[in-house]
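Reading through the structure tokens given below for one structure.
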Amino acid sequence: MRLLWGLAWAFSFFASSLQKPRLLLFSPSVVNLGTPLSVGVQLLDAPAGQEVKGSVYLRNPTSGPCSPKKDFKLSSGNDFVLLRLEVPLKDVRSCGLFGLRRAPHIQLVAHSPWLKNTASKATETQGVNLLFSSRRGHIFVQTDQPIYNPGQRVRYRVFALDQKMRPSTDTLTVTVENSHGLRVRKKEVFAPTSIFQDDFIIPDISEPGTWKISARFSDGLESNRSTHFEVKKYVLPNFEVKLTPWKPYILTVPSYREEIQLDVQARYVYGKPVQGVAYTRFALMDEQGKKSFLRGLETQTKLVEGQTHISISRDQFQAALGKVNTEIGDLEGLRLYAAVAVIESPGGEMEEAELTSWPFVSSAFSLDLSHTKQHLVPGAPFLLQALVREMSGSEASDVPVKVSATLLSGSDSKVLDFQQNTNGIGQVSFSIHVPPTITELRLLVSAGSLYPAVAKLTVQAPPSRGPGFLSIEPLDLRSPRVGDTFVLSLRTVGIPMPTFSHYYYMIISRGQIMAMSREPRRALTSISVLVDHHLAPSFYFVAYFYHQGLPVANSLLINVQPGDCEGKLELKVDGAKEYRNGDSMKLQLQTDSEALVALGAVDTALYAVGGRSHKPLDMSKVFEVMNSYNLGCGPGGGDDALQVFQTAGLAFSDGDRLTQTKENLSCPKEKKSRQKRNVNFQKAISEKLGQYSSPDTKRCCQDGMTKLPMARTCEQRAARVPQPACREPFLSCCKFAEDLRRNQTRSQAGLARAQDMLQEEDLIDEDDILVRSFFPENWLWRVEPVDRSKLLTVWLPDSLTTWEIHGVSLSKSKGLCVAKPTRVRVFREFHLHLRLPISVRRFEQLELRPVLYNYLSEDVTVSVHVSPVEGLCLAGGGLLAQQVSVPAGSARPVAFSVVPTAAASIPLKVVARGSFTIGDAVSKILQIEKEGAIHREEIVYNLDPLNNLGRSLEIPGSSDPNVIPDGDFSSFVRVTASEPLETLGSEGALSPGGVASLLRLPRGCAEQTMIYLAPTLTASHYLDRTEQWSKLPPETKDHAVDLIQKGHMRIQQFRKKDGSFGAWLHRDSSTWLTAFVLKILSLAQEQIGDSPEKLQETAGWLLGQQLDDGSFHDPCPVIHRGMQGGLVGTDETVALTAFVVIALHHGLAVFQDENSQQLKKRVEASITKANSFLGQKASAGLLGAHASAITAYALTLTKASEDLQNVAHNSLMAMAEETGENLYWGSAIGSQDNVVSSTPAPRNPSEPVPQAPALWIETTAYGLLHLLLREGKGEMADKVATWLTHQGSFQGGFRSTQDTVVTLDALSAYWIASHTTEEKALNVTLSSMGRNGYKSHLLQLNNHQVKGLEEELKFSLGSTINVKVGGNSKGTLKILRTYNVLDMKNTTCQDLRIEVTVTGYVEYTREANEDYEYDYDMPAADDPSVHSQPVTPLQLFEGRRSRRRREAPKAADEQESRVQYTVCIWRNGNLGLSGMAIADITLLSGFQALRADLEKLTSLSDRYVSHFETDGPHVLLYFDSVPTTRECVGFGALQEVAVGLVQPASAVLYDYYSPDHKCSVFYAAPTKSKLLSTLCSADVCQCAEGKCPRQRRSLERGVEDKDGYRMKFACYYPRVEYGFQVKVLREDSRAAFRLFETKITQVLHFTKDAKASIGQTRNFLVRASCRLRLEPSKEYLIMGMDGVTSDLKGDPQYLLDSNTWIEEMPSERLCRSTRQRAACGQLNDFLQEYSSQGCQV
């Protein structure tokens, strides 16, 4: 029996006053906006026949009514009523509730004349105070998957429902917060279907962490609901590893002797077991997650049917603990950490798993006494309720529970003992009789017999006594389900002669009184409650009565078992069916009403990489949201009636008594004290870390102990640590770790041997588990209308995995329902798996190793082949198959050699066929690149038909001697008549690729990130002002807003807590960058919806960087030249100060609220002070062009004094350079260090426009902005805009980010000022003579065209293009030439240098550092017994950080190729750079850089690289500066797919802000490396050499030329275009070619090469993959086809291929021999006849 009671307060009233009539007023303690408020009104003790009329309403005491009135009429026969009081938004606004600053309270008022006339009240009103909340309705947010990679797209849905769980169409506000808690996205939306869907992309630079999507009703700030998702770097696993302990706990009792046992299971995502080896290790983990590894417990076991068992005896465990000086009894509160790495045998893939929740406990059970009341009723039974759970969380049945109850009365005490076993669901109840005199009850409860769990509870009697108590006793202690009838019994306790006739009761659920009723009093009164959906997930039952004028009450919280939704949604597939990838699947959707069903399918492999922590939306989450409206606190009951009402979430008034006003929506939290343990179990390395107390110095120590991927002494590393406080611990710990590693031996006898080694926790990020994925992670993201039933046919993706399909329905009649997910396994009993490299080059040799998996019960023999495709050389031409036998339940790799011969994206298809239906085929795209390195060249011409000299142009073709000889290269020509719409429209800044399409630059740092925002804002502003959005596609406006929001989201990743910004995530803040962000985000306020307070904080930070003289300084500059003028000293300070002034001026727009006016005045004062500084410097006349331009613009923009503006203007104009119709600022006057040689504008219209450096463009753009503000659109502004317009690149941008941002801003302002609706035409004719004859194009354009506003044409690279121009509109013609070159002889390499070397896995000398001799990448066999040198924990787990995968065990000559990259950079001391430089390294084919190595270069205290990016085969390394001395960094790379005859690759080092300053080089694979050897089989090699020349050796064999085969070759087939007799002078290597320089000894024939004569030199090229070698000093007869390239002197050079005749000329001595005399004669006859007569056909 469960006794629930209520106690009335005792008041000293006369008996007559106790029975006076009353009006009782009940209501939920919180009023929710827009939700009807339930109000209970009761008439008590009124005389028979008396009728009471009145009304109830809500009001704000300071203003007036907040709701309409609701009337009531009561009498003794009808003495209670439950009303619904509307709370409209308009009334709440009008009564001023939203303006209340403190907790907004509202009064519920009952008004009736009866109160004053009959109830003797002073007024006609009676009321109670309620808390007002803008929370209303229910919102649910769903994402398409629980975890994402940086750079991935997040798709989400928001479901909006009202208080009754019915669809709501009210406006929603949706926000996204990043892992730093910063809002990065906000939008207001209207969802007519009540389901809003959207998506966004996580910035690729995002740090790991938890993001949040929140949604609320726009008018309800407190209706906020959110969902979280994880962002971390991962790739989907091929198989999942699970760790399952035999017992979910480890007992710390010393006498406990059982073994610690653990099962390891590895299964592919499609359910089949994995073959392989499991490597396991253990650690102790504390409450903060810090791990200390236990040496000696490491194991290496073989998987059998995907499983293995690990057992650790108690003695083994205690021995391991002894090494860290601790005892097993000290471990309670800690956890045993287990980590396992499984390497599968067939493919060598490695997956990992960890177990972090294996606690050390003193008992196998836990005790929960939360359902026991905290109030004692003397004289009544006390019900103790306990729930016993096992440590796994499941209920523990049939467990003995003992209770020792001590009853205290003053100094007397009595002890009662009880014992009982738990029932089937772990529950047990004890009824303890409490005598009337007892004041305190102390309970000691224990569960379990051998090692029991213990809990204590003390309850006390109420401080005062009343007339009696009310007991509520449920008939069944179990929680009811929806549809059940819940029966309760009511009875009085301590009232000998009750005088009341009825019990009154209420049912409260989801913050509303759902029912109010009464029941006649009997000796035992039973009440039945039908539990429907409105009472789920919980409700309070509150009962009360009045006795002697005092209320007696009690309450009980009833939890409803979570079950089904109100409606119905079922997802059905044929679960028994075995689906294959690509199959169609029937998905049945069933509802019980018309509904919208939102679907989604998730790859269950996501849960294996950490997605379990963020579970998908299910009914338990729905119930949780619904239950959040529950206003009650605790299981029910209270010390008195008022407390009973209050804890049930009710407000109550009876005229004399009043419940306390609720201050907030939460319940008071019980304070819990947690006992922390500090056990000294650290190994040597932990002791070293323990020497440092602060987190910063510990981080420095850990960084020092981390091994770099390159050789550096500890002293060299410490010298790079910028902070002195960090340098000492870094150096000390580095030397400590170096000594530990030096003492390691390479021949451990077993994996479990103890090692004095570096603790792995500082080497390993356990979440950094990178594996591969080729397939979508989710699909089926769609919303389907369903009317009770719908059958969908969907096609399954190619993944072999298990899909989990989710469904959420939304119905107008039944609300929201979440279906139970259904799983679909996609599997092939026989399938193959194929890996390809990112890209390869032509004629490199590739080894494919598809892996065949056979899960059938019998062996399978299949034939495997690669399908023939043009551009690939294959075994047998692709028709030759390998017969392979794959045993049952196993896997086997098959090797194929392939040589690509065409540069293209080729579909490579591998087919395996067996008998009957057995077989599989996989097709993937192989990206094949041309040899050499890409070279780009751009040319711009101004088209002006009104200028006679510009009506006809002749554009010469390219004749670069370095172009590869057989590349099919072209010149692309683009013509436009509308510069504004081309640059800022849907083909430029607002193109699908966004501003990224304007520039060919990376976007890694914060300043580069702003390129997403600034030009897009400029474009939007231009189109708004000129009203030209209608000329662009309709979706362009939305796309522009999306681009701006993406840029805003990305830049927030760099924000610091104080509002400032740094160039990198872990870099100190920069004044210049912070000002740049403030300017742009201030302009973007309308689109991004950012809070002004954040930008005000940013402006405040900038004020702190101002010096006394008014200038600004930058503690951590981003760039030193590109934006700050390329200047030193004063100029640099002036440019920075002007830049900050411009930003602060734009930032004034965010100071609109009253609270910010004081800071706004400080900003205005700062601008005035800075302007004085700028005016001083401008007056001195010593500034360079850039500083002058930005100063003039800043002073004009901020409306400084006229004198200052005039001085700056005159100074600037004195530096202007004018040529014809062009005006620009180039060389910087005033500082000799800053003079740049002048680049003139074109002398006449027929010449190309010279391309100026980035600094000139930016300076001129500031000049244009200044002129437009000062003079408007005038002649000078026209000339400046003309020059700037023709500096644009082929893509539409300029040189780098800053010049592009400022120039687009300036040109946009100019184009707005000069916008006209007048239409002008431009007619352009382009003609050229190419290989295929004469080609001509006529273009008719106008200045308002959008669709086809430009034409892009293609011409042969070497062809001359003739241009004729007509019409009356100006235009621009741009040419882009892109081709691959043999060599990169760049003159800038004299000033800027880069060198890349690749070696095999380096064994550094002892002098450098013994640490780096150790090879951490020993392979693992699939059977532990085969290891003579087993893999150690340090080898396995530290080595894992340096690789993405492990290959299967192979023979020694088949081990995967690992190489070490060393990148060295330096510069000439006289070369000035902006500071930031980027090294762009194209990796050798088939290689991938080790990400862990790159992260070490950027993330440790001795940072070597600011940032890195990987893009396909490219690795980009960002350097803050280029040193004047040679500095090198290194990283490892793995060749995941074998490639032979690897060709050289390119590397470029360039100044980011002036990309023309660069150095480009080739580098090659290690010499004598297998990377340079052939992999192909005989017929594949023969195919690959089919295009190679063949040297004729007929003369040596004495074969006579009876058939005239030389003449046939020369004149018939293939009919050559040249014939020379040459002497070879030398051989040289050029990229993927060999070059032979020769001297002509006889000219036999020529076609194009008219200058050919004896004694001239000619170059012959042959592919390096061909076997042909021409020996220096020997003579050869060479005949073939004319080349398309020329050498440096302009002479033709020739490619030697299969259409070339190459024959070594015999020596005179050889021809004198009798055997060769006839053959020599025939050769001489041919030479004479061919040279004199040529071909007679």
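Note that Cβ sites are derived from N, Cα and C of the backbone, with glycine treated the same way.
For Cys667, the disulfide partner named by Swiss-Prot among Cys633, Cys700, Cys701 is Cys633. Candidates considered were Cys1464, Cys1711, Cys1720, Cys1735. The record in Swiss-Prot pairs Cys1611 in a disulfide bond with Cys1735.
The recorded disulfide partner of Cys95, taken from Swiss-Prot and restricted to Cys66, Cys565, is Cys66.
Among the candidates Cys1389, Cys1464, Cys1666, Cys1711, the disulfide partner that Swiss-Prot records for Cys1528 is Cys1464. In the disulfide annotation of Swiss-Prot, Cys1588 is paired with Cys1666 out of the candidates Cys1559, Cys1576, Cys1666. Disulfide connectivity taken from Swiss-Prot links Cys714 to one of Cys565, Cys733, Cys734, Cys817, namely Cys734. The average pLDDT for the domain 'Anaphylatoxin-like' (700-734) in the predicted structure is 86.
Checking Cα-Cα distances from Cys726 (disulfide bond) against the disulfide-bonded residues (Cys701, Cys734, Cys1581) with a 10 Å cut-off leaves Cys701, in sequence order. Of all the disulfide-bonded residues listed here (Cys714, Cys733, Cys734, Cys1581, Cys1735), Cys714 has the Cα closest to the Cα of Cys1464 (disulfide bond).
Here the C-alpha separation of Cys700 (disulfide bond) and Cys733 (disulfide bond) works out to 8 Å. Comparing Cα positions, Cys701 (disulfide bond) lies closest to Cys1588 out of the recorded positions Cys95, Cys1588, Tyr1676, Cys1711.
For the recorded site, Cys1735 (disulfide bond), the DSSP three-state label reads coil. Under the DSSP three-state reduction, Cys700 (disulfide bond) is assigned to helix. A simple Cβ count within 10 Å picks out one of the disulfide-bonded residues Cys700, Cys714 as the most packed, and that one is Cys700. Ranked by how many other Cβ atoms sit within 10 Å of their Cβ, the disulfide-bonded residues Cys66, Cys1611 place Cys1611 at the bottom. Looking at Cys667 (disulfide bond) and Cys1711 (disulfide bond), their Cα atoms lie 110 Å from each other. Fewest other C-beta atoms within 10 Å: among the disulfide-bonded residues Cys1528, Cys1666, that description fits Cys1528. Ranked by Cα separation from Cys714 (disulfide bond), the disulfide-bonded residues Cys66, Cys95, Cys733, Cys1666 are led by Cys733. Of all the recorded positions in the list Cys734, Tyr1676, Cys1720, the shortest Cα-Cα distance to Cys95 (disulfide bond) is found for Cys734. The two recorded residues, Cys734 (disulfide bond) and Cys633 (disulfide bond), have Cα atoms 55 Å apart.
For the pair formed by Cys1528 (disulfide bond) and Cys733 (disulfide bond), distance between Cα atoms is given as 23 Å, rounded to the nearest Å. If you take the Cα of Cys1735 (disulfide bond) and the Cα of Tyr1676 (sulfotyrosine), they are about 21 angstrom apart, rounded to a whole number.
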